[in-house]
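Encoded as structure tokens, the structure appears first; notes follow it.
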């Protein structure tokens with residue numbers, strides 16, 4: 001299973017924001033610089049994370065981006081489900097466009113579905129807080145990357 005860059009970058013944004021002090025804000029430019037990601041692409045991700053309620057964007061002179069929830073309330077499996085456009089591992093998972101002739105009798109489909117569910121179940125066991133246990137090291141590394 002390979003996550004899309006979109007989902008990976010969404011998780012990176014959350015890690016970046018989680019590494020900040022509680023009331024500290026940042027901006028898309030700083031996050032993009034830290035991860036060498038296009039600001040344009042990142043703005044779409046930030047917009048969606050805001051719509052999903054994970055982050056808040058504050059406009060104005062003292063504006064910026066910060067987490068909208070405590071890290072312990074952000075479940076990694078949920079973020080993956082909400083940002084990953086297509087969790088279909090194989091053609092037969094798709095509701096439309098399945099042309100595999102084996103589908104009516106295929107047992108592989110069930111095994112792969114079970115594997116996907118196990119993958120997501122493991123991610124459901126982690127919150128952003130779990131991933132931020134060594135927050136000081138993460139913060140230091142990100143500060144270096146921003147310059």
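Quick reminder: no glycine exception, Cβ is built from N, Cα and C everywhere.
Look at Swiss-Prot and you will find 2-133 tagged as domain 'HTH rrf2-type', backed by sequence analysis. On the 0 to 100 pLDDT scale, the domain 'HTH rrf2-type' (2-133) averages 90 in the predicted structure.
Residues 6, 9-10, 12-14, 16, 57, 65, 68, 83, 142, 145-147 of the same chain lie 6+ residues outside the DNA-binding region (28-51) yet bring a C-beta within less than 8 angstroms of a C-beta in it. Taken from Swiss-Prot, the feature DNA-binding region covers 28-51.
The [2Fe-2S] cluster binding site annotation in Swiss-Prot covers 92, 100, 106.
According to DSSP, the secondary structure content of the DNA-binding region (28-51) in residues is 21 helix, 0 strand, 3 coil.
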